[in-house]
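K.L.:
Let me give you the structure first, and then I'll get to my questions.
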Ligand code: NA
Ligand code: NA
């Protein structure tokens, strides 16, 4: 399953990158969200899946899956959330002030 | 004793949180933030003293020993940078007391500045790669807020790019850490160093190091600096000064740290790439600096050039060159603060940063003029200011290693630095005085105190370079001998 | 005949549901040490409950019912979390050292009390405060 | 036996999920999609419940209630958005 | 048949009923002509299908692990209460938004009323032009 | 700290004192205070001078940055003493002169004298330093202080222009020189000039030795205004005249000469060194004298003459350095002679050029113009001035009985010797030198006679000229006397200065090995030599050409191509550099995030993929995979389908919902992966994110089907696929790479260690609580940030 | 009535304290005992015994379950049938209930019952609009079901 999941996350990366390279702000932010989803899947997959019970000692299993990736992903999820929220509101404000969400139009007078 | 290390991180943090409760009491906010910074500086200096006379400080957070918990490691490199960062923040803050608008002050600008510093200090001190990511995020999120604060069109336009690019960089950081953990099974820098050394840093690890290089290159402006000029021109001058002095330097520090502590086994691949990245960075930065006629843009490109120069020393990687890079890094933090603060004051005074629209300021702001001029000289590396010593040290290292071509690039770009910054001096301070005192948008006098202090520091650092070098040498010692770091973390006393 | 359709169904149901969700969130907060959960999730669930209120009612009504400055709540959360660490400084142990012990309490029996819970409470407050700051700020914006 | 039935149940639920997903993609109206999304929430609850039985772990039971909460929240947020133009409204003077 | 096997059977039956219900309502989602009719299908899949599965899970954990999962019980209650609210809100919103009834519909008293009655503007705000 | 150190420090002390005292001493001319410095120093340095015997070299050192080899070490020998005397001596005269030249009421004298003291100190430091980097430090300081001096009248555009030009060009040289010095340090391990000299071959065998030599020469040439770097000097004439007199006679421009002289023992044996200097010197000589003819501004004329004279000195030093070359050992005597001539002419030039600048300043002061077309016929109004000017000009023209005559004769000797003892083509050098001397003669005549004789145009002058006050004449008069004295008593300097200097410059010359007791002997009369005939011919032709000048000058300069003008070339180069920089910068700094991200991704893909495959590290190993259930497979496919849907959807709502669906499937995966905490968190976060998307969504415009070009899409597609592939391959490799056990085992004791059954939670709140602490700071900051973004708006919306 | 429930809870907790057992079973036992005590002493309270309401609630619940199954069969038959023969529509219906809570309960039950979803409510005019899957079903069954629910709810609430 690990290999499968790594490939899934690779596909997500591809799609996310394509979205990120878009001109439309919303697509970009969606791409960023997908990018971090892919990262979380990658992080947990390459460190071995289902190698034991959930890391809850009450489960009385012989082995537990590695809790470290889970802890890292948790932190990362929360941070991604904070960043996505900030980015979204920034895009929203930009749209209101500058009237566009097209990154092409946000170039500024390149090289003033 | 080791708890000392936490103070540079939590003093600003606690102060920031307290400030949230005093939103409308600006004077009180200023007092609290200045005092907390003073305390941070004081403690940092004490830590430097301790580390220099005793040993590398290691704090096992939560009492969990490495590699299981997170450790803070205060080697000379980290603790000096902590002190300088706190000091520079104080300078920018002093400058900002008058020049920042009341609206900003009521909208959490001080807490954000303090949080930024907390993240910066955390990044310097942490001994854990994932914690480094988190510290980065603390620093970055504060910078996102600061850069967009005020919501001017240019700010929004630039900050959206800044945030976007950095968010992607942050994700890459997580990816790299994912791979690294999968490959080594640990997150602790010292432990990583040991394990990487055990494998001799094979291909996968080198490839991972390049993901880190991409991330840190982005943060520091090494080659991947495209976001920087726009972003640094957007926020109000005190914030721009803070960014210029601190943010990219954290990126530089991480390159320095990771490529001396973790990925130092294949310099023929990694360091060669860094070398040419540095060279291209210097060239492109210099071209950018020369091509502009706005103070903010010129100064922003100067940030890039110096990053290239510092990392040139890192790429050379010899003890001499590393010392030089570290020396230059400190110099650059101080002088960038100086030039951005004084340059910011010019912008404050004229209300614009377009060089062609003003002149003759020296008639009623002579001190500002001279402070800026000294800043110019410091940037260009004119002796006996600190930039000169750093430059010489890097060049000594580089030429000993036979890197003539990039050394020449380094010097040619310092000329272009001179050209670009001198242009600012000449166009703003010299020429016919078109404006009389009292007509300015702002007096610009708030830059004088921090400017003077910084000039004194820069001069003292150049003239007293030998004294500074005793500390720099201690920092370099750890860089060239990672075992010192590892032993400190794992408490093995070396024979 | 003029009819006026209202949200009576949604709002009455919400009043009941919010209590269920709040209870659940507090449970998740404190159960986090041994079961899935903790400050983050607990905080987010509480935030969801409050968002539910906002959606079902409106900004002003909820603000009258819950007159909390969420920014300060978030700051207080961070302060609490950091201060649990500062406690260790006072005791001379490494920063953020957590400790735990078991007590026999009436009604609850053998109960574990851990400083980590206080830390988690800080996390919880920060999460609630932040999430609602974000959501209310955006909702209050008039273009 | 239990294990196999759970796998079968999982199969049925996944088919339901895909059918509902089709509705999300097909639409045709926004409300159809909201409805399908709501449905997906319930199916996922079912999947988690079946999975818990299969994994013989009660570690995921919190998830069930949580999905319920969130699916509900999303649904009413979306519906309100569609009918009022904003998710969180202001007091109306009536 | 001993106790635990019986419990197992009860669980199996409950789960199978639930999943079948769920599948059937998904078919409903597919087949029924408009959003109003489909709403019938979902509210039912939630109540009958999911409640049945959850009940199965509750019984499973109660008897095989001795865990009376209040969380699961709460979940059942919650789903029970929210499903109708959600269904109600979605089609109310659909109607307010102006989603047409399918042609096979025979009657729309509400629309008749609305046509007769002047409705305040703010009830009719169209946030966006119909999409897709 | 020695007296020598204090001597250098003194001017710097006055840099601070003068502005501080300025307020309180407005009653007297600040120049009088400043005058204390050069006079004191001159008195101090003259004590080392004795006519009969050479000075005992003095070495003193104070550590500065010993860790990188920089010590504040000073070395006083005859060469540095000569320069010290020139700096302080002519410095005294210039300050004296300036007291009368500059009005204390109109000028900001505090700045003027502070800059001047700064410059003087820097100059002294440069010539006394033994440590290369200390020398460099002072060297740069001369550039900086001359920049300030030239731009003294900063309101004037020409002043700023001239100051910048001199700064850029001399700094370019300076940086190049720095590089050379550091190479010397790398090669020798020391920065002490004397120690490097003592090392000999160790240094010269370093592979970068020759490059270092050229780097250093570039420094010397730029400073000494050698072709083609001379172009800064004429524009530097924008400085107040006392400054020009000082900088361009005795000090600044001589620094390059000093450097060449000082480093000759290190590099002199290299032919590259000698010939570079000779050729550059001769070209400079010729070009300078030729261009001087064209000038109407007296100061400009003097500027070109300075260039030309410096070329002459340089070429002599170059010829002289051949004495060190083993191939030329048999002729070393002749080349030593050239060295002597070079040093002697250096002295002469300082004397006559100093006086001439001051005289031009007087003319300017008295008549209000320096344009020779406006001047003329004022000889009888200003007879003393005329006499003093004539002495200076004749000395420069190389006429007896003035010092210039001797050194010019010796110069002819030098070039003739060179021609006869080296390659055949070198014969061209004396010819060029001779022609240049004719030009020199002509411009000297122009200088005197066009301004003092001929018709007097009262209408063109602002005021009626008369002799200046005595104080103003004193300094040029003293120099004029010296110019005569140097003809009659050359012995003043031969034993004391010239001899030890040339011995120091060419210690290994065959001549000194053969004749340890060799002495310099200079006399005004050599008998009827070829040189003398050259001079006579020169005068005859010169007089003839001078008389006919109006006839040939115009047509001659018409002939020359205008485009090759180095001055316009400089301007165009600067403009071109800005334009080219702008163009290059514009090509990639487009302001487009898409572009920037594309660059970043491309870089990332390249370095990572090349490393992964270049080192052959790719691993594909599925042996450790856990089984893949079909429902997991379907879930994965559902995820991908939803993601692909986002890619093609043009509806914002649908895109958002699809991403939400992906978020939920990810949560389900977390359930499958035994990560309940993650599943819970992901679920809520996903929902709230989706809610936020919707909250902000209303205001965003409709998404248009993308109208981008195929090329744009294709590029993006390729980059995206590469990113995906790179990360997948890295993932597979990292997954298949099993060398170390993770540290995870430790945490299964979390109940004992942290009293927690939930390991993930115990990591979050205990083992890695610091992460969590900072993480909530991030969250908090984001919340506050969003609040401020919405609440704090720029007051002037319509910027 | 609230007092009765509180006392009942108190008795349950006391029971647990006495037994030093802290689980659901012990609580259930305690609650049952309390229920019995309160039932036996119901005349001391000024309001009727809350057990009656309990019975009403159970009755309502049973009614709901029965209706749920009856109408489920109807709807599912429609869904499975090869060709759709439904005649849906939105119908006006009036209610006799008036408090918010009562209406909420009614709407919940009606909506949960297959075949009908409540769309709009005007509590003041006591009018609601119901979407039904089949017009005949609405007139034949749903209206009747609604009246039954209304009666059961009034029994519970008042
Ligand atoms: Na992330
Ligand atoms: Na200007």
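Glycine is no exception: its Cβ is also placed from the backbone N, Cα and C atoms.
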K.L.:
When TrEMBL marks a stretch as transmembrane segment, which of B:298-316, B:469-487 is it?
P.N.:
B:298-316
K.L.:
Under 8 Å between C-beta atoms and at least six residues away from its ends: which parts of the chain pack against the transmembrane segment (B:269-291)?
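P.N.:
For the transmembrane segment (B:269-291), the nonlocal Cβ contacts are 206, 209-210, 213, 217, 221-223, 225, 229, 255, 259, 263, 297-298, 301-305, 307-309, 311-312, 314-317, 403, 405-406, 409-410, 412-413, 416-417, 419-421.
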K.L.:
Sort out the residues at least 6 away from either end of the transmembrane segment (B:203-228), same chain, that have Cβ-Cβ distances under 8 Å to it, and list them.
P.N.:
136, 161-162, 165-166, 169-170, 172-173, 175-176, 179-180, 183-184, 196, 247-252, 254-255, 258-259, 262-263, 266, 269-270, 273-274, 277-278, 280-281, 284-285, 300, 303-304, 307-308, 311
K.L.:
Any chance the transmembrane segment (B:108-124) and the transmembrane segment (B:240-263) have 3 or more Cβ pairs under 8 A, given the pairs are 6 or more apart in sequence?
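P.N.:
These two segments touch.
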K.L.:
For the transmembrane segment (B:404-426), find every same-chain residue at least 6 residues outside the stretch whose CB is under 8 Å from a CB in it, and list them.
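P.N.:
That would be 275, 278-279, 282-283, 285-287, 289-290, 292-293, 295, 298-299, 301-302, 305, 308-309, 312, 339, 343, 346, 355, 369, 372-373, 375-376, 379-381, 391, 394-395, 398.
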K.L.:
With CB pairs under 8 Å as the measure, which of the listed stretches B:162-183, B:240-263, B:298-316, B:328-350 comes out on top against the transmembrane segment (B:130-150)?
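P.N.:
The listed stretch sharing the most Cβ pairs with the transmembrane segment (B:130-150) is B:162-183.
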K.L.:
So what's near the transmembrane segment (B:162-183) in sequence-distant terms, Cβ-Cβ under 8 Å and 6+ beyond its ends?
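P.N.:
Same-chain contacts beyond the ends: 129-130, 133, 136-137, 140, 143-144, 147-148, 192, 204-205, 208, 211-212, 214-215, 218-219, 226-227, 230-231, 234.
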